[in-house]
Structures are given as C-alpha cells and as structure tokens.
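Structure record follows, encoded as structure tokens.
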C-alpha cells in the first residue's frame, strides 16, 4: 500500500512538472513573438530616433536582436543565479533536481522555437544556416534535459553563454545607426563583447570536457544510456566549434579596430608635431 502510494505521488509530481514545462515553453514562445511583432516596434521608435529611418529589412533584424537581447538577459542572469545557488544541481550535476533549472531551460526553448520561426519566415533578410544549426542543437539537448531530468546543471552552465549576446547585438545596433567605428561607445562595447564572449563561451570549454572525462564510465553516467550520452557530447562539440569560429572572427575585428585607432593616434601625433 505504502509503495503504491509513493508511486502515485511520484507520478503525479512528474505529471505536474511536465505540465509546468509545457506551459513555460508555450508562454515563452508567445511572449517573444509579441516582443518581436509589437513591443519592439513601439519601444525602439521611442528609444532611438534613428529607428524610424531604417529600411523594413533593417527593422526586421533590429526587432529580432531586441528580442535576442531580452532573452539573453533573462536566461543569462537567472542562469548565473542558479549556477551559484541552486544546491540541488550543484550537489549532483548529472541527476540533481532540475525544478528551477527547467524553468530557465523551458524559457530558452520557447525563445529558440520563436526565433527559428522568425528566421524561416524572414529568410531573405536574416536567414543564417549557422543559427539554424545552433538553435536545433540547443533544442535537441534541451528536449532530453526537460524530459529526463538529466544534466540540468550542464544545460544551465551552457546557457551562461547567452550573457555575451547583448554586446554582440549592441554592436549591430551601433552599425545600423551609423555610429562611427572609433566612437567611445562603440570601442568600449567592442572590447566588452570580446572579453565577455571569451569568458562565457571559450574559457568554459576545457572545464566542460574535463568534467565529462571525470564522470565518464561512472554509474550516474551509465544511467543516461547511449542516446543521452551521445546527445551531450555531439551537441557540445557542435556548439563549441561554432563558438570558436565566432571568437576568431570577433578577435580579428577587435584587433583591426585597435590597430586602426593606434594608426589614427600616430597620425594625430605626427600632425601635432609638425604644427609645433
């Protein structure tokens, strides 16, 4: 009797958790769609005087990046809190209670589905095969996290990469508004973008694979089964290869801007010297 009661309670809790996840994913999807189609138009026109002068294509990308920034700040900050204070997943990174992390993962999943639709419906404007690969890899991993309760800590750790997106998007906003490349705001944002991207997307790579190596073959790892083990490794490799490619591109751009600034300063010094 007691065993059957516990089983019933466990089943009920799991069903409630599943409903909560589905509701969060759907709510997230709807909210980010509303942000893209309505809120960003209204908000951007009031915050930036240059928004109304942009072409329709530019406005579409602008709005998608506003949504991206909102998502990144939301899941990034919440993810950072969970990374330091969610005792359940910190204590057991492989099978710890994913209740709070699931909220973050479900929110991110709703955004990824929303953004995939936006990209597909506006392919000629913002279509990018790398974003499709990135989103599909993320959704695949999140599906298994949300349905099995495994690897919640790792999934949340990967979400911290979103903390770099606001700086990447801000660079695009400056470019769309035709801010001078050497303006103080542009240069500071560029440096911050490079540093933050490196910290949350590149420095985090070695610890991730060291942890994978340390748990490989253990009983909790074996419990995953072949499918989850494969998804963990394959999706991480795909995302990390893309992050390294983007990091190289960002670093080259940052070095180029810094070298041009030095050249401009050297010219100014030379001109001042001649004038003196």
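From the backbone N, Cα and C atoms, a Cβ is placed for every residue, glycine too.
Feature annotation from Swiss-Prot assigns transmembrane segment to 20-40 (among others). If you look at the transmembrane segment (20-40), the same-chain residues 6 or more away from its ends with a CB under 8 A from one of its CBs are 62-64, 66-67, 70-71, 102-103, 106-111, 113-115, 117-118, 146.
Taken from Swiss-Prot, the feature domain 'TLC' applies to 57-259.
Beyond the transmembrane segment (66-86), the same-chain residues lying 6 or more positions past its ends with a Cβ under 8 Å from any Cβ of the stretch are 32, 35-36, 40, 43-44, 96, 100-101, 103-104, 107-108, 111, 114-115, 118, 153, 156-157, 159-160, 162-166, 169-170. Residues annotated as transmembrane segment in Swiss-Prot, with sequence analysis given as evidence: 66-86 (among others).
Taken from Swiss-Prot, the feature transmembrane segment covers 101-121 (among others).
The transmembrane segment annotation in Swiss-Prot covers 130-150 (among others), and the record cites sequence analysis as its basis.
A sphere of 10 angstroms centred on the C-beta of residue 178 (N6-acetyllysine) encloses 8 other C-beta atoms. Secondary structure at residue 178 (N6-acetyllysine), taken from DSSP and collapsed to helix, strand or coil, is coil. Taken from Swiss-Prot, the feature N6-acetyllysine applies to 178.
For 191-211 (among others), the entry in Swiss-Prot reads transmembrane segment, with the evidence type sequence analysis. Through the fold, the transmembrane segment (191-211) approaches residues 93, 154, 157-158, 160-164, 167-168, 170-171, 236, 240, 243-244, 246-247, 250-251, 254 of its own chain, all at least 6 residues removed from its boundaries and within a Cβ separation under 8 Å.
Per Swiss-Prot, transmembrane segment is recorded for 224-244 (among others), and the stated evidence type is sequence analysis.
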Per-region confidence, the domain 'TLC' (57-259) (mean pLDDT, whole number): 96
Positions on the same chain near the transmembrane segment (130-150), where near means CB under 8 A and six or more residues out: 21, 94-95, 97-98, 101-102, 105-106, 108-109, 112-113, 115-116, 119, 158, 224, 227-228, 231-232, 235, 238-239, 242
